[in-house]
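Pulled from Swiss-Prot:
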- D17, D18, S48, N104: divalent metal cation binding site (BINDING)
Amino acid sequence: MTALPSPDRPRILVANDDGIFSPGIKALALALADVGDVVVVAPDVEQSAVGHGITIRRPLRFKHTASAGFGTLPAYRVDGTPADCVVLGVHLLGRPDLVVSGINLGSNLGDDLTHSGTVAAAIEGLALGLPSIAFSQQGNGGGEYSFTAGAAYAARLARAVLAKGLPPRVLLNVNFPAGLPRGVRITKVGEHRWEDSIITRHDPEGREYHWVAGQSRAADAHDPDTDYGAVQAGYVSVTPVRLDLTARDLLGELAGYVPEI
C-alpha cells in the first residue's frame, strides 16, 4: 500500500534520465525517504543525453508502477523525456518542495551539462520555480557504480537546501567520485567536453547507418576549482548553475560592432 503524504514533511519529486529501473534512482529515492515524502517520476526507458527536450507532438503516458523496487514509495513511469517527467509530476501530483534528479550512472561535468538529461530534469524544476538538485556518480571504469556514499550525502544536502533554500534561478549540480569521497568542493563548471567521432557501418541490405561515439576531454583536468578537477581528485563537486546563460561581460563589446537593422 502506498504511504500517504504527511502535511508536516516536505514533498520531494525524484526524476532521472537512466530510467525508472536504474539502481541510481532507487538508491536516491530510498535515501530521501528519511528527509520527506518522496514521489518518483521517471522515464520508462533510458533517456541519457536527450538534453532538455519536451514532448509536444504526441501524447504522453503516465502510469503508476509497483515493480521498480521502491517499496511503499509512489512511483510513476512516463514514455517521455526527463523534463517531461518533471512537468507531469508537478502538474499531476502537486508542487513539491524540492526537485531532485539522479543519481546518474556516470558524471555530468563541464560541457556535459548542455546535453545531460539528468541536469535537464533539474533545470525543468528550476524553470517551474522549484529548488532543484542534480546528482551524478562517476563510474569505476568497469561499468560498476556504488551509490552508498552519494545517496547518504544527497539526503544531507537535500535537508540543507530545504532548510535554507537556493537563490532564484540557481540549481546545484553535484558529482560524486568513484571511490570514497575525500571531502566536498564548491566548484565552477569546467572545460570538460566530448569529442565526437562517427562510426559508419552498413546493414544487411547495404544501407549506411551511423553510431555517434567519442571520447571525453578536459582542458582543465588539474584545476581544483572546476567540477572535473574536483571529481578527479576524489572530491564531491557541488556546482551552482544559473539558468540565465547570458554572457554579460560581452554586452558592451557586442554593442560596439553589431550592425543596426
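Cβ atoms are placed via backbone N, Cα and C, with glycine included.
Take the binding-site residues S48, N104: by the count of other Cβ atoms within 10 Å of each Cβ, the lowest one is S48.
Counted within 10 Å of its Cβ, the other Cβ atoms near D18 (divalent metal cation binding site) come to 23, all protein chains included. The Cβ centroid of D17, D18, S48, N104 marks the divalent metal cation site; residues of that chain outside this set whose Cβ lies within 8 Å of it are N16, G19, S22, G24, E46, Q47, A49, P82, L105, G106, S116, G117, T118, given in sequence order. Taking a C-beta cut-off of under 8 angstroms and a sequence separation of 6 or more, D17 (divalent metal cation binding site) has the following same-chain neighbours: P43, E46, Q47, S48, A49, V50, T81, P82, S101, N104, S116, G117, T118, A120, A121. Classification of S48 (divalent metal cation binding site) by DSSP places it in coil, neither helical nor stranded.
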